[in-house]
Amino acid sequence: MAIFTIPIAMFSERYNMRRAPLLLGLILLLGSQVMMMEAPNYAVMCVSRVLQGFGSTMVWVVGLALLCESTPEHYIGKQLGLSMVGFSVGFLAGPPIGGALYTRFGFRGPFISGIIIALVDLIGRLLVIERKDALRWDYDPAAVPVTRPEEDEEKSTEGGVATLPQQEQQHSHISLAGVIARLFTSSRAVAVIVVTFLYGIIYSAQEPTLPLHAQIVWGLNSKQVGLVYLAGMIPTLFSGPLSGWLSDTRGVEWLSVICILLSIPWWGIMIIQGHLALFIVAYALASFFLSGLPSPVMAEFAAVARSIDGVGYGHVYGAFNLVYGIGTCLGPVIGGQVYAHLKDKDGWMAINLLSVGLLSVSLLLMVCYTGEEPILTRLMRRRLKSN
């Protein structure tokens, strides 16, 4: 995924293509499932995993770009939040469904289920109409409804409904170096990239250590640890769409700051080795508020794409996929090494304090640089006016 993200993002933006890469990605996913199911040796399984990563990258990068360019700007946070619900539901339902299928039908059961789901998804992608094609028929799926009749000169009418067209993104043929240079000359872009990277580390650092900690402190077995994970995953089904809707109505900068602020205390409470119920509640609330962060962050990525000439949705979501992937690769390594070197009590405390520290850095970046007018800028302006 890390290797293929950049070329997929560049290709998608250079040729302004969404539907074709999505179809190719799903075909690769289908092929990888078949290869893994019927692999005669280990090497074929490795190749199938590479193809699976390639296909998944296409779906992530191009899918998010398609969603953003087909949605009115003031609905993007809500739509991104709904897309994260799909991710959470799949992540939550996949392991138990796979286990049940394996028990009932054997090794091929989970793969056949995955192939059927991917086929249904493929049919859905065949029905996709890209915005560039819809515009040829005088219909803009990203148009913003307007109600004031005096704006007739600015709006288009389709089927009797007045709409204000959204500004169409320009798909320039700038090089990879040009995209990187433009992103890293924008403090707003750098801030959201760094926050995504830190989020990936925080989100994944506990994965290799939570089962060990739960077993040592409370004597939980693997099934009971799975229920603890379930308690942390269920709240994420609601936080994504809620934070997405609120970021559209209240502002990305405020929602991201609120999510981080309300998440920090629960990471500290999880250090306490008291009653198991307290730990589960703290874990669920930390997960709820932390999982509310991606929706405003991804909406901010979309805003960055609109604010920098030559940078498209494919570019910014390629950057999102890349830095988040690197973060989730480093997180388990960091968490596992810290836990192994400091033992359970001190190691678990260090991991949670590290998460608090990284969240604090993210909070500072969000306050200083997020949004068209960051919170720090507003506060300074108000202070100058009051003086």
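Using N, Cα and C of the backbone, Cβ positions are placed for all residues, glycine too.
The domain 'Major facilitator superfamily (MFS) profile' annotation in TrEMBL covers 1-374. The domain 'Major facilitator superfamily (MFS) profile' (1-374) scores a mean pLDDT of 86 in the predicted structure.
According to TrEMBL, the feature transmembrane segment maps to 52-68 (among others).
Annotation source TrEMBL lists transmembrane segment at 80-103 (among others).
Sequence annotations record features per position, and here TrEMBL assigns transmembrane segment to 109-128 (among others).
Residues of the same chain lying 6 or more positions beyond the ends of the transmembrane segment (189-206) and with a Cβ under 8 Å from any Cβ of it are 183, 256, 290, 293-294, 297, 300-301, 304, 308, 316, 319-320, 323-328, 330-332, 334-335, 351, 354-355, 358-359, 361-362, 365-366, 368-370. Per TrEMBL, transmembrane segment is recorded for 189-206 (among others).
Positions annotated as transmembrane segment by TrEMBL: 226-247 (among others).
Residues annotated as transmembrane segment in TrEMBL: 254-272 (among others).
Taken from TrEMBL, the feature transmembrane segment covers 278-304 (among others).
Feature annotation from TrEMBL assigns transmembrane segment to 316-335 (among others). Among residues of the same chain six or more beyond the transmembrane segment (316-335), those with a C-beta under 8 A of the stretch's C-beta atoms are 1-2, 5-6, 8-10, 12, 57, 60-61, 64-65, 68, 183, 189, 193, 196-209, 297-298, 301-302, 304-305, 351, 354.
Remote same-chain partners of the transmembrane segment (347-371), defined as residues 6 or more beyond its termini with a Cβ less than 8 Å from a stretch Cβ, comprise 187-188, 190-192, 194-195, 198-199, 201-202, 205-206, 209, 213, 251-253, 256-257, 260-261, 263-264, 267-268, 270-271, 300, 303, 334-335, 338-341. According to TrEMBL, the feature transmembrane segment maps to 347-371 (among others).
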